[in-house]
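Asker: First the structure, then my questions, so here it is.
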Amino acid sequence: MLLLGILTLAFAGRTAGGSEPEREVVVPIRLDPDINGRRYYWRGPEDSGDQGLIFQITAFQEDFYLHLTPDAQFLAPAFSTEHLGVPLQGLTGGSSDLRRCFYSGDVNAEPDSFAAVSLCGGLRGAFGYRGAEYVISPLPNASAPAAQRNSQGAHLLQRRGVPGGPSGDPTSRCGVASGWNPAILRALDPYKPRRAGFGESRSRRRSGRAKRFVSIPRYVETLVVADESMVKFHGADLEHYLLTLLATAARLYRHPSILNPINIVVVKVLLLRDRDSGPKVTGNAALTLRNFCAWQKKLNKVSDKHPEYWDTAILFTRQDLCGATTCDTLGMADVGTMCDPKRSCSVIEDDGLPSAFTTAHELGHVFNMPHDNVKVCEEVFGKLRANHMMSPTLIQIDRANPWSACSAAIITDFLDSGHGDCLLDQPSKPISLPEDLPGASYTLSQQCELAFGVGSKPCPYMQYCTKLWCTGKAKGQMVCQTRHFPWADGTSCGEGKLCLKGACVERHNLNKHRVDGSWAKWDPYGPCSRTCGGGVQLARRQCTNPTPANGGKYCEGVRVKYRSCNLEPCPSSASGKSFREEQCEAFNGYNHSTNRLTLAVAWVPKYSGVSPRDKCKLICRANGTGYFYVLAPKVVDGTLCSPDSTSVCVQGKCIKAGCDGNLGSKKRFDKCGVCGGDNKSCKKVTGLFTKPMHGYNFVVAIPAGASSIDIRQRGYKGLIGDDNYLALKNSQGKYLLNGHFVVSAVERDLVVKGSLLRYSGTGTAVESLQASRPILEPLTVEVLSVGKMTPPRVRYSFYLPKEPREDKSSHPKDPRGPSVLHNSVLSLSNQVEQPDDRPPARWVAGSWGPCSASCGSGLQKRAVDCRGSAGQRTVPACDAAHRPVETQACGEPCPTWELSAWSPCSKSCGRGFQRRSLKCVGHGGRLLARDQCNLHRKPQELDFCVLRPC
């Protein structure tokens, strides 16, 4: 009756997307030369030393030959296990023998096969062969003491296959949302098909990938933590079980389909014997992840050079984890957090040996990989099959290509962008540590108990090696249930056969060796990214000569090279607009779907406040506002990184180039602004201003063509706020900086017809305005003096081109040496202006009256008279065109509210609140009482927030 119920419900419980799994009892045969083909039950790692081993497993009408060697790659030299909390009965510390348990290899000499097994306590682990996965584990009495063992060494082999067609749309088993973020968009941008539009006359986009273009081995130093529920469930076998999972995950990351040499290295295992020893674990996956991340951060070492420092941490628990909408969640991690000590972590719900795939999946998220079904992936690569590692359902894995093209592209971009630099430090020395197939260690019954709890048994009539169906109870009746994973690799599926990659395979072709990858020849250079003005061409090579196989190393070294092309200036460059300006202008009229901007918005490049890492993004500001956005993840190749730099952007990375536009060139502008010049084609102009009047004072007029401009205003007695501020006007008299009695306290970049001037802001003891390249428009420098009228000290210098045929005899040398004139008089090092005779009458201005406003926009007046040489008033005698102004704007800036960032939300779900602090800040950064700021315009200090529904 019980059997009938199982049969009925096994068919009723079948889900779309795959047939029932298969299983078979097998007896592994060791075929080493010293064994001579007899049936042999593995006693332990001491039997072989460091020699290779060969096992034959016959199952599912096939022979599987596992050619195994010790594998040391997934355990660090300083690997250790630590127990925290009160010891549990029956649990002992890890044995050093575990270091020699794990082996890896291949199956039947298939290029895409793999084997990862443990040889301690029986043959247990997993292997993959011809698209199927196999899990092998000893039957219960097979791991008994030697005197009680089954003389035949019986093992259970399970297999599951790769789906041949659509698999339906099962619920996602991952707690990470299948959305996209700007980093994913940036990573996939090079793959996107280009449409006709902006830049075709001046640029042509290329297809391809890579930024830093170098394939470098990465070592992911990993902390593995098991909570109290894991300790109670697995007992003394826990450490071996965890390492079996990590061994399989490490093998997946060494597969060449990921296109990068990545090594998962375990540096420490922590076993938590009681709840108080570790982080708080609940059914809320997001909260558990947050608790674990904070907990592991406190335990980690400060220095990355410490042998027990970890780059990422993984928590395993038997707690049923729930995501935002379902409790089918098997894991959760924050996306793109590798090398972030506070957030590089993941949480895994243990459901048996398939947790190895969940581990690899969640680590993929930490490496910034999204799910394969995100819209951006599908737009670039088409609809991807649901049998890759980053499928949200994670039901079937294509062992021939476990990583999709989208995942490989994104992790490559992530590493090339510098986000994985903490992974470059290599463990101090290699240790020969084994790697095994999980099916060699765990029977089919044990796999069911690991997945569904004590007492769960394999369902009868399963198809070998495909989905693992196990018994359970629902509403008092016996049912068959599955988590859509196959039998563990290495599970026996017939005489001379075992499960591998979900299929039952035979053993043959034993002498299969590891193949390291090697670079193929360089492809030809692609098209130039621009038709003029300096573009870039790329050439790449692939790791296909040969492709890595059987756990071999991925290629190391430069994978993409580049060169400059089409360096002749563009005809439209006379307009003075830079190529970056044109790229921003292409978005004019696009209001970014926000009501802050109108459809008439005009976009200009943003330079100030942009971090060096973001210089090759197209960051544009809405002209006349403070709003700015990333309008494109990368500028067109060949765009200057900044107006005062000769470096250019290549695939989103700033690459050094010469002033001639050639990548790798060492040519530089001299102080005259001449590319490759010798500093002899210009003359230096210097000056000093020290005696101002209240308001704006003329300092110097800088002609067009001036270069190496350096203007400095040193604060009175070293003070930061001495009430003297540099100001700048263009040739039309429009203020470009600190006009109308409004000054900038922060650093700013001013772009004037393509030339960049860097302003230090007023918050420094030495206020400066500098430009290295020649300016294309005459500018006027002034100094604004207010307040206590402390004397300014403005020094300026710049270089002007020499006259082509300058007659030095017409300018006799001043016996006093180079002239340095003061107070608003332009001076040349080889020329002195003679003062004009004083006219008989001149304008005389009185002192300024009080300001009409205490702060903000006020006015003040003064008397202006025309007086003769004797001081009498002679109104008609003065030139009206030179009459001084009688009225001017005045008033210091009013105190303003200074805001801090919002605090985190007080609740992880549901309605919470967040705060921020307010300060009333006066002119010069002085902290004032709140009532001195406009209370009617006081920003909000407290607000409600909802991170997600509970």
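A Cβ is built for glycine as well, from the same backbone N, Cα and C atoms used for every other residue.
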Asker: Swiss-Prot has H361, H365, H371 down as binding Zn(2+); which of C174, C565, C570, C584 does it also list for that site?
Answerer: C174
Asker: Have a look at Swiss-Prot and say which candidate in C422, C470, C480 forms the disulphide with C448.
Answerer: C470
Asker: Looking at the candidate ranges 172-179, 548-555, 884-891, 892-899, report the one that Swiss-Prot labels motif 'Cysteine switch'.
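Answerer: Swiss-Prot lists motif 'Cysteine switch' for residues 172-179.
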Asker: According to Swiss-Prot, the disulfide involving C406 connects it to which residue among C377, C459?
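Answerer: Among C377, C459, the cysteine that Swiss-Prot links to C406 by a disulfide bond is C377.
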Asker: For C465, what is the disulfide-bonded cysteine listed in Swiss-Prot, choosing from C422, C480, C499?
Answerer: C499
Asker: Count the Cβ atoms, other than its own, that fall within 10 Å of the Cβ of C504 (disulfide bond), considering every protein chain shown.
Answerer: 35
Asker: Considering only the disulfide-bonded residues C322, C345, C459, C565, which fall within 10 Å of C532 (disulfide bond) when distances are taken between Cα atoms?
Answerer: C565
Asker: Of the disulfide-bonded residues C322, C422, C448, C465, C528, which one sits closest to C493 (disulfide bond) when you measure Cα to Cα?
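Answerer: For C493 (disulfide bond), the closest Cα among C322, C422, C448, C465, C528 is found at C465.
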Asker: Show me the subset of C293, C459, C543, C570 whose Cα is within 10 Å of C377 (disulfide bond); these are the disulfide-bonded residues I mean.
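Answerer: Checking each Cα against C377 (disulfide bond), there are no hits.
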Asker: Least buried of the disulfide-bonded residues C327, C345, C377, C470, C555, going by other Cβ atoms within 10 Å?
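Answerer: It is C327 that, of the disulfide-bonded residues C327, C345, C377, C470, C555, has the fewest other Cβ atoms within 10 Å.
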Asker: Please report the Cα separation of C499 (disulfide bond) and C406 (disulfide bond) in Å, rounded to an integer.
Answerer: 29
